[in-house]
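Asker: Annotated region 'Disordered' per TrEMBL: 1-29, in sequence order. According to TrEMBL, the feature transmembrane segment maps to 185-203, 215-235, 247-267, 279-299, 359-381, 393-417, 449-471, 518-538.
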Amino acid sequence: MSAVKPPSLSSGSEDDEVHKFVDNDGNPVDVKAAEVPADLAPPRLEPFRLTDIFFRRDKLKPLDPNAIATQVSVYDDPVLSKHYWPSAKYENLHRFDISARWTWKEERALVRKIDWRVMMWAAVAFSALNLDRNNLSQANTDNFLPDLHMTTNDFNWGNSVFRIAFLCAELPSQLVSKRLGPDRWIPIQMCAWSVVTMCQFWLTGRTTFLVTRALLGFIQGGFIPDFILWMSYFYTKNELPLRLAGFWASSNACSIIASFIAFGVLHMRGVAGRAGWRWLFLIEGFITLILGIIGFFMMPPSPTQTKKWYRPNGWFTEREEIIAVNRILRDDPSKGDMHNREALSVKRLFKAALDYDLYPLYIIGLMFGIPITPPGQYLTLGLRSLGFSTFKVNLLTIPSTVAATITLFGVTILSELFDNRSYVSMLEDIWALPFLVALYCLPKHPNPWVYFGLASGLLSYPYTHAIQVAWCSRNAGAVASRTVNASLYNMFVQASSVIASQIYRADDAPRYRRGNKVLIIITVFNLVIMYPGTKAYYKWRNRQRDRIWNAMTSEEKSHYLTTTTDVGNRRLDFRFAH
């Protein structure tokens, strides 16, 4: 009998427990625990719950750091495991080992190391993105529109052009990223958009404004799904949402820093005869260019490819690489079905694009952000119109940014604690509805501090985008599908921003009652139809598959997995998260 292969998942006890081994011919053999030599006895695998991170259900006992952390997976079934084996092209195949076992102490130490290297850089890079795509809001506080002889409608068109270009670049960017690798493509993007940002120093009017917004959108499009794809190489599906929350929280932190940068730089109005907003674009573009150059040295292709001439020891030991690879594949075997620089075929591209089971999430991406976007875009303009100075306006945006960071983490943790995405994601609209109603009821000339309080309260909402991005990634079910579907989801999110940018119109100023009425109607639609309908759809699809899959014998399941041409979420053994 060979060395121990995966242990049984059956819940036996003491000496009656049966373990599964394989003999020298690869055939499965059942052996009672009492008959197993001590040096071959496999460790017990306990099902993991995310709540174990925060507390234990059994009298709040802490996890034993020396307990086996290896989680149950399809690789523990000697009959079915061969159908989930990574592709021969998979870049981490040399570290794949279904018999690998490790402790909670080892896994936690590894995840901390990954957080410091992957998550921290993700936060910095995403901050660079937001610094350059959101600095238009700070520029608006320094007479940006009057200086260029533009109106708020021109401002709306600038936002729309940016979003349309961003949307159009999503899928092409993902295809380039999949071929070159996100570790190469992301730094290229960062350097390119930084140059365009600096060029805004020389804006002359509406035409140059729209051209630079289009260029920025096209270059930045795809950056977010590119980064999510790279992060998925290092994190499990339960870890990713919280890290994505940190990804978007960095945007809020960046907004706070940007407010202080703007506070200082906008005082440069008049230096060399130039407006302060021109110096803002030039200086912030230079900052992100430096970060883009650093990015070439900060992003390894995968957990087993961290050694470079400038990083001779790499990030991980051989033991850590084994843990990093096997914990990811045990969590989601589909992550091993492609090389990280393998281009997508046209067939797989269209197959993923036509995956109707992801359409409910695309509709969510289109609708969920609309109620919040116009008030957020017009916060600085609204505060300026009510008499606050340029510098006070930039500082008054900070409280809602801090509060939004807290609610972002809170709602993401709730989603994973309760293993629920659809109902928890409704919290964003539940939060927004009373504030939108209050804004709708404001008089034509409200007390400035009342408006500030309501707008800040609204913009402190629990942002659920991180939950939904991870939800889409999880329901894609394969690397190829995940690449395309993440882009499509984000394209719908950008389309949402294009729509939202046209809801507040100049003829509806200054209180935008018509626009707020539209936002209230959309919010109610999201709460009553969109999220409950999506949950009902995925529950129905899972019941359909359960009836077929659970009626099959192990041999029939093995035959299906051997002969099927279904991939990702098309397979009968796949279940949709909701």
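The backbone N, Cα and C atoms fix where each Cβ goes, glycine too.
A TrEMBL annotation is a machine prediction, not a hand-curated record.
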Asker: Quick test of the contact rule: Cβ under 8 Å, at least six residues beyond the ends. What residues does that give for the transmembrane segment (279-299)?
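Answerer: For the transmembrane segment (279-299), the far contacts come to 121, 124-125, 128, 131-132, 135, 138-139, 142, 182-184, 186-191, 193-201, 230, 258, 261-262, 265-266, 268, 271, 308, 310-311.
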Asker: For the transmembrane segment (518-538), which recorded stretch in the set 185-203, 359-381, 449-471 gives the largest number of Cβ pairs separated by under 8 Å?
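Answerer: Maximum Cβ contact count belongs to 359-381.
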Asker: Counting Cβ pairs closer than 8 Å, which of 185-203, 215-235, 247-267, 449-471 has the most of them with the transmembrane segment (359-381)?
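Answerer: If we count Cβ pairs closer than 8 Å to the transmembrane segment (359-381), 449-471 scores highest.
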Asker: Go through the chain and flag residues at least 6 beyond the ends of the transmembrane segment (215-235) whose CB is under 8 A from any CB in it; none is fine as an answer.
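Answerer: Distant contacts of the transmembrane segment (215-235): 114, 118-119, 122, 125-126, 129, 132-133, 161-174, 176-178, 182-183, 185-186, 189-190, 192-193, 196-197, 243-244, 247, 299, 302-303, 324, 328, 335, 340, 469, 473, 482-483, 486-487, 489-490, 494.
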Asker: Give the nonlocal contacts of the transmembrane segment (247-267) in its own chain as ranges (CB under 8 Å, at least six residues past its ends).
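Answerer: Here the qualifying positions are 119, 122-124, 126-127, 130-131, 134-135, 138, 141-142, 227-228, 231, 276-277, 279-280, 283-284, 390-391, 394-395, 397-398, 401-402, 404-405, 408-409, 463, 465-466.
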